[in-house]
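Everything on this sheet refers to the single structure shown next.
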Amino acid sequence: MLLCIVVISSMVASCGANLLQDFDLTWGDNRAKIFNKGQLLSLSLDKASGSGFQSKKEYLFARIDMQLKLVSGNSAGTVTAYYLSSQGPTHDEIDFEFLGNVSGDPYILHTNVFSQGKGNREQQFYLWFDPTRNFHTYSIIWKPQHIIFLVDNIPIRVFKNAESVGVPFPKNQPMRIYSSLWSADDWATRGGLVKTDWSKAPFVAYYRNFKATEFSSISSNSFSDEAVQSNEIDANGRRRLRWVQKYFMIYNYCKDLKRFPQGLPAEC
């Protein structure tokens, strides 16, 4: 069943048909590559270095779509990060991070939201498919009212604007798109118990079909969050969101009473 997304604001769409036009390869020497006349990008990781890229453009409220095919085989210790971020000590950030694992074990999809330099809003999921066999679409919808994370157009997480109860929300700092492939075997797989097997290097992740849809003329007071969300995610989408969170969510900071003994964060 397909999820229907209805966009209710005016928008300016920029379809990134050519990755050469939209992204700069920023580190890793020749480990990051764009080929097929700008249709495909790859990042690779070996024992000497990982690699990364960033968007040429900054965005303030947008829907960002990218198709990824993750590192296959034994990817333990590797992290493929794909995120929006501003710069500086009070930066905002919206994260997808894919934590590798040994062959046959599932990837963990780690999500987080930073506002004014503060994160600690992690939710983690298993995926309901093998993300290394084919390309899948990972999307972020960022509006003043909320941030929605989607996988293959299925919403997996909604982070609502809770400024009314004193929680900062990313809404003033334009952000670039970043992605990197790097080794974090001190924590990424089973808390660092499983290390990267460098005999399997190079590890490679692939990207294609980038699209950015910028939202214009949005006021944070234009719509109530309930009105925006009910139009943004239809009834089937809300069912799928509940399905993902019931069967595939493996960590939710809003349920972690041991971590927050003084009380859960206000937005929870």
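Every residue, even glycine, has its Cβ placed from backbone N, Cα and C.
Annotation comment: TrEMBL describes GLU93 as active site, nucleophile. The active site, proton donor feature in TrEMBL is assigned to GLU97. What TrEMBL records for 13-207 is domain 'GH16'. Marked as N-linked glycosylation site by TrEMBL: ASN101. Taken from TrEMBL, the feature signal peptide covers 1-17.
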| request: Average the per-residue pLDDT over the domain 'GH16' (13-207) and send me the rounded value. | output: 94
| request: Sorry to bug you, but what's the C-alpha spacing from GLU93 (active site, nucleophile) to ASN101 (N-linked glycosylation site), rounded to the closest Å? | output: 25
| field | Protein Cβ atoms within 10 Å of ASN101 (N-linked glycosylation site), excluding its own | value | 19
| message | So if I measure Cβ to Cβ from GLU93 (active site, nucleophile) and keep only same-chain residues at least 6 apart in sequence, which ones fall under 8 Å? | response | TYR83, LEU84, SER85, SER86, ASN112, VAL113, PHE114, GLY119, PRO170, MET175
